[in-house]
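Q: Per TrEMBL, transmembrane segment is recorded for 6-28, 35-53, 73-93, 105-125, 131-150, 171-194, 214-238, 258-291, 311-329, 341-364, 370-392, 413-434. According to TrEMBL, the domain 'Cation/H+ exchanger transmembrane' annotation covers 25-437. Under the heading region 'Disordered', TrEMBL lists 460-510, 524-624. Positions annotated as compositional bias 'Basic and acidic residues' by TrEMBL: 466-484, 582-591. Feature annotation from TrEMBL assigns compositional bias 'Polar residues' to 496-509, 592-612.
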Amino acid sequence: MPTLVVVNFNIICATLGGFITVFGLVSYLLKEKFYLSEALISTIFGVVFGPHAADFIRPLDYANGSELDLETITLYFTRLVLGVQLVLAGVQLPSKYLWKEWKSLSILLGPGMCIMWMSTSLLVWGLVPDISFLFALAVGAAVTPTDPILSNSIVKGKFADKNIPRELQKIIIAESGANDGLGYPFLFLALYLIQYTGDQGLGTTGGGAGKAIGHWFIETWCYTILLSIAYGAVVGWLAKELLHWAEERHYVDRESFLVFAITLALFIVGTCGMIGSDDVLACFIAGNVFTWDDWFRLETKDDSLQPTIDLLLNLSVFLWFGAVCPWHLFVETTVIPIYRLIPLGILVLLLRRLPMVLCFHHFIHQVEDIRHALFVGFFGPIGVSAIFYLYIAREFLHTLEVDGHQREDAAQLSEVLMVVIWFLTICSIVVHGLSIPLGKFGLYLPRTISMALSSENRSTSFSRTRSSDDRHTRNVVDSQHQERGLVSLFRRRRNTTGPGATGSRSSLVPGTVSRIGQYIFSDIRRPHGTTVHGSDGVRGDADETDDNKTPPGGDSPPRGRPTISAPKDGRVMGHAIAAQDRAVDDVDGSQRSDAISASNSAVPSRMQSPATARTEGASGMPVGWQRSIRFGDEVTVASSVSKAGNEQLANM
């Protein structure tokens, strides 16, 4: 008998696949129209699907109920994502970019990272109660690197292409990729000092600060940093040469060629992990050396495989973050109260990076002006790299034991790291994910309100014009009952509550259809030469000005108005207008002057050409005429010619 198999594997596959599928259906709308980052959206859905809400994603179950195993899973997941992302970031950069831009990068990675580290540490030391400055240095080191994943979401897409110069995009990618691996020296300087000097160095063989500095120089700088740089360069160069060799002999197919950079990242993450070196920095260096001659970057420039893998990893890791984030600790912990935690998050985002960029932007040629400096200074996100260093630090602190138990200062620092770094990461995801859409909203909101008010004023003015036009239309409607019935179907009912009222529509007929109907039926029954339009081409009030009144005892239409009538010379549009203008010069100048004076209009006069005049019949209408809009200068002359023709017919 069929049974439901609701196990964790099926649930996580259904949840992850369903979320990515639904997100894909509206991804362009969210990212390119609303400028929302995929990291923010994934984190929100991680909270919704996680153990704090729907409980579809159960991280603790996957770790067999062990908090330590859950931290290990998260650490390895972030390592994998960072390794792949940094190889792809290195591949994106142009040929020999690190070598060519070493001056700008040395400022950002040298004094720039030091200032970011110290400013963050001082803020943590000032706002987190009962911690030493060494503890604050450890917390500040974890959030010093800028996250390459969140940085990519800022420097890619329609907003970046439109607003961020290409050189500025490249320097942001290069800095975020390089400083991720360079976070080790800042973190382990504080950790080694805590190990050998904190709590009187319990659990160690002694040696004090001197031994801590020695370990920091040998193990961190030589083995972790320098070895990873050399290893990444060698592996990247060998991979480039081997791929060239295979491609020249047609040994590699297109699919394997495209996925080569991703498999290279997996290889480096695994091998560097086995030797205990800095796999994050090695991946970035390998990606740069791999595309040193720009061959692979240009070959895969228009391919979508790498961005697709990038997207899948980004969505997955931030969905996981939303599920594993210790949300309850933000309000329940005794490390720092919430009224201190929130100001800490705001101040870190404002002061961690912005002052440094403002100080050094004159020495970084990619940052051309103060606007670019503000952008680079504000958009230094805290994300996957901070969580990576968080669990690196906690893994190290678990080894500081006395009599089989974790040292007291190590346990305190572990709790501070867990609360503060997770909170700063969530703040950065939310703030940097909403900065662009909120900025766009703030930019367009005043313009939208102004346009709405202007539209309302124009609508009110136009409604008043149409109300006065109804009075004119009723004056020219004849007494035949059938036509009055037809016109009443399309007539707008005026609001008579007071002067200047705009009128209200009680009919179910749409306004546009109503106006068209009035024009049609009024035009059908109007005698030849009757005016229905104002001088601007919009139906207007016939009693507003003296210029628009019909002269007593005459049949000519009101002056200054175009009319729909049997034209003497239909207005020719397009290139024929120029030819018609030349033909006007052949007409009697005095007659044209009278026409312009009578019309009292700024519209240049255009009359029939002599060729057209020769084709007229006895009634004064040209052969083959068709209904056309006539303007004020033409109306007066056309009416006088029509009257002369009618008098000739009467004399005959």
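Including glycine, each Cβ sits where the backbone N, Cα and C put it.
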Q: Cβ pairs under 8 Å only, please: of the recorded stretches 35-53, 73-93, 214-238, 341-364, 413-434, which one is richest in them relative to the transmembrane segment (258-291)?
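A: Going through each listed stretch, the top one turns out to be 73-93.
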Q: Sort out the residues at least 6 away from either end of the transmembrane segment (6-28), same chain, that have Cβ-Cβ distances under 8 Å to it, and list them.
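A: Cβ under 8 Å, 6 or more out: 38, 41-42, 45, 49, 56-58, 61-62, 312, 315-316, 319.
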Q: At a threshold of under 8 Å on Cβ distances, which of 73-93, 311-329, 341-364 pairs most often with the transmembrane segment (105-125)?
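A: The stretch with the most contacts is 341-364.
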Q: Let me spell it out: take the transmembrane segment (413-434), skip the flanking residues so only those 6+ beyond its ends count, and list any with a Cβ under 8 Å from a Cβ in it.
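A: Long-range Cβ neighbours of the transmembrane segment (413-434): 36-37, 39-40, 43, 124, 128, 131, 135, 138-139, 142-143, 147, 150, 153-154, 194, 318, 321, 325-326, 329-330, 333, 335-336, 341, 344-346, 348-349, 379, 381-383, 386-387, 389-390, 393-394, 397-398, 406.
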Q: Does the transmembrane segment (35-53) reach the transmembrane segment (311-329) with at least 3 CB pairs under 8 A, where each pair is 6 or more residues apart?
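A: Taking Cβ pairs at least 6 residues apart, the transmembrane segment (311-329) and the transmembrane segment (35-53) are in contact, with 3 or more under 8 Å.
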Q: Tell me, please, if the transmembrane segment (311-329) and the transmembrane segment (73-93) are in contact, taking contact as 3+ Cβ pairs under 8 Å between residues separated by 6 or more positions?
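A: Between the transmembrane segment (73-93) and the transmembrane segment (311-329), which are separate recorded stretches, there is contact, as judged by 3 or more close Cβ pairs.
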Q: Using a Cβ cut-off under 8 Å, which residues of the same chain at least 6 positions beyond either end of the transmembrane segment (131-150) come close to it?
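A: Distal contacts: 37, 39, 81-82, 85-86, 89, 113, 116-125, 173, 175-177, 179-180, 182-183, 186-187, 189-191, 193-194, 197-198, 314, 317, 348, 352-353, 380-386, 389-390, 393, 412-413, 416-417, 420-421, 424-425, 428-429, 432.
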Q: Residues of the same chain, at least six outside the transmembrane segment (214-238), with any C-beta under 8 angstroms of its C-beta?
A: 90, 181-182, 184-185, 188-189, 192, 196, 207, 264, 267-268, 271-272, 275-279, 281-290, 292
